[in-house]
Amino acid sequence: MAKKKSKSKSSSPKPKVSSTAAKPVEIDNQQNIENVQDSPSALQQQSATAEESENTATTATPSEGTTATTESSPVTTSNETDPIELSVLDNADHAIDSNSIKSTEAVLETLDSELNTIADTKTEPPTEQELNPTLAKYMRSCQEGNLTIVKELISSGQVLVNDTFSDEITGLHWACINNRLSLVKFLIANGANPNQLGGELKASPLHWACRNGLVYIVDYLMRNSDADPNLRDAQTYNALHLAVHSSNIMLVIYLLLSCCSTDSVKKVYIDEPDGSNRTALHWASYQNDIFTINALLRFGADVSKVDNSLFIPLHWAFMKGYKSVLKALVEAGSDIYFKNDQNKNSFDIAKDMNCSNTWEKVLIETGRDPKNNWAPLKPWVSAKLGKIITFLTPYFLLPLSFNVLSMGGDQGGFIIPKLILAIGILGGGIYLLNKLIISQYIFDDKKLAKSPILAGVFSATAFWSVLVWLYNILPTTFIHNFFANVIMAILIAIFTWSFFKAMFINPGFVPTPADNNVILSQVAQLIELGKFDTDHFCVNSFVRKPLRSRYSKHNKRLIARFDHSCPWVYNDIGVRNHKIFITFVYSLNMAIFVFLYLSLQYFDKVKDQYDSDDEGEGEGFVCSILGDDMCYGYKNHHFHFNVFMWDLFQCVWVSFLCIVQTFQILKGLTTWEFSSLNKQLQTNRFNHSTVPRDFEAGEGISLDQTQPSDGQHRHNHNEFQTCMNLLGIDQFILTLKMSLKSLFSNTRHGNNNTNYDPLTSLHIPTDHGIKQNWLDFWIIGEEKWRNVFYLPIDGENNLNGKVVDYYTLYSYH
């Protein structure tokens, strides 16, 4: 009997009727923090019971409408039985008298389907929607964005714009949460109250829009109504708190510029606490939202604010333990020793959350000394002096390694052991440099790649090559190879000048307004165009992004017509130094070829007869590969020969770089744009855009002017991939692939017999033909030879034969 009782109860639950109250969706808990008391997620769980009884309407993403069931009816289970069939059961003995339900035994012995049928016959009271179908129609039309019906109902006086059911949710609430901008405009124009509190959370329409990150709705409410961002809902959250909950960085930036500037009309205190004394920075740290954290810190958010659990934002950041988030908070001045109400500091919390290793890396990368109780490290060398030492160190390591290879003179052997020793000296010297010097002024991960060491390697190579040319080659070959030596001298002058010029010149920093009002005006322009997203606004530098620009982590600035970040010149390559960089690369490559040619001429002129019997161990095999001239240099001019071979190796990747850069220039592309071509064939990226579907841009404005993101792309590069990137081989391979596909692809589409060219199938708005692209790169202004030697003063350069300013280039038309 007990088993039967359980079965009957589980199979015939009481129907559950949805209420009419509704509110926006709560933010999701992002981390299980059961062992931490009074977490931010606990505030959301306080309303969990209320959420279960919400309206069947569900909030949707900006691309999906939100609808609600306005007519409630009893819900039946899948075992529902028509009441007419109650009199005709499988067996007449099974007929049920309703009076027998009073008996427990009768209930237990009754068939499940029969109990369901009896339950379904109960009459439910009419809902508010059923009692007032006109208002229900109005609410449903606001949800669906049916402006015609809403206008008809309001103009006819059948409903008032602020009419609600008992939940006090207005039509404006529904229009806001469903991103119906046209409807919001109409309702506000007809007197809708933007501060009406409704739903279980007693939230305003602005709250609903902020919770879902709807920038365009928030902007209209803020600028065209008296919507109050300081109003609090039942959970004590204001508009800024809810914007942070949405994790839409564009909305957070908008509210910071609109409400947290010194001269904001609708002022919001950036560290305004909620009911648990948690600020917006607490919530952003809990969510590990690095973009929001950086934005809040930029506007002066206090990292020392304490909530009711004595948690500072740093403590909440350990819930996920992202290194970038922890690092940003420590660099902003967070107290790593501050203790919460459980008497735990950041080290204890890191241990509890199993991220102690990450925490130690963060402290090291923020300049903390592990040998001194993590106190701030006191560098014994300044950053400027450290960079100079780093740059000059290869000037000593390279000749030392070359001399090791020359040990033994003309009787030398043991080629492989000497090569290993030379590489060990070079690698060991760089390792010590990294530990002793670079670590004193660069605390980030991958210190070597962020230091001027590679620029030093190149300049040291050029320095010793020039010395060899001056003291060995030039005196011997000056007469017989006069023109080659003159060309060599000219090329040395060109690549030396262009190298240092490309290193120290401003690559094209897009000016960043110092006045927040200017930035806000740029944001307003983007909103008007429907382009306020991460493709058109830089969330790192807070400036409107010109086309072809990108944020540089090296200089921490937005670079106009960004090409790439080059460790060999220790600078970014942009609109102002790209021509200089190409001049450097071309002249360097030609200089290497001329140096190799003159070296062979030198060996040929000074070589003497040598007896093969005097060859050292392994030299017979080496000479059989090198030939007479090279073998003479190998046996008699060891340092020169080693420099020759080192330059030959450098020539490989420099040639790759020349090929890739030339190809890209002829196609009207930068390195960054070329790398992004294959991504255009993939699905669209999320760029935090919340443009309403009914948004109407200004006259003549196109919404398709997009560009690759500024890079918040993330790669997990291994050491091999990093090496490929440094040498430019990855770009060469990509160029080779696309070139071969263009030449030999016979892909056919359907019944069309035309060949498919991957280079022409993608839309490249900067490609105006090979000749025009080449002229645009080298010439500024009119197509005259003298203009080839002009460098951009600001961001000017040619595009399709016309001068454009890449600092303010927002459209190709």
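Note that Cβ sites are derived from N, Cα and C of the backbone, with glycine treated the same way.
Here's what Swiss-Prot has on this protein:
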ACT_SITE  Cys566  active site, S-palmitoyl cysteine intermediate
COMPBIAS  9-24  compositional bias 'Low complexity'
COMPBIAS  47-78  compositional bias 'Low complexity'
REGION    1-83  region 'Disordered'
REPEAT    133-162  repeat 'ANK 1'
REPEAT    167-196  repeat 'ANK 2'
REPEAT    201-231  repeat 'ANK 3'
REPEAT    235-264  repeat 'ANK 4'
REPEAT    276-305  repeat 'ANK 5'
TOPO_DOM  1-387  topological domain 'Cytoplasmic'
TOPO_DOM  409-412  topological domain 'Lumenal'
TOPO_DOM  434-452  topological domain 'Cytoplasmic'
TOPO_DOM  474-485  topological domain 'Lumenal'
TOPO_DOM  507-579  topological domain 'Cytoplasmic'
TOPO_DOM  601-642  topological domain 'Lumenal'
TOPO_DOM  664-813  topological domain 'Cytoplasmic'
Distant-in-sequence neighbours of the topological domain 'Cytoplasmic' (434-452), which means Cβ under 8 A and at least six residues beyond its ends: 361, 364-367, 377, 379-383, 386-387, 389-391, 393, 554, 567, 570, 722, 726
Counts by DSSP class (helix H/G/I, strand E/B, coil) across the repeat 'ANK 3' (201-231): 17 helix, 1 strand, 13 coil
Residue numbers, six or more beyond the limits of the topological domain 'Lumenal' (474-485), whose CB comes under 8 Å of its CB atoms: 594, 597-598, 601-602, 605-606
Residues in the repeat 'ANK 5' (276-305) grouped by DSSP into helix, strand and remaining coil: 17 helix, 0 strand, 13 coil
DSSP-derived structure type at Cys566 (active site, S-palmitoyl cysteine intermediate), helix or strand or else coil: strand
Tally of DSSP helical, extended and coil residues in the repeat 'ANK 1' (133-162): 21 helix, 0 strand, 9 coil
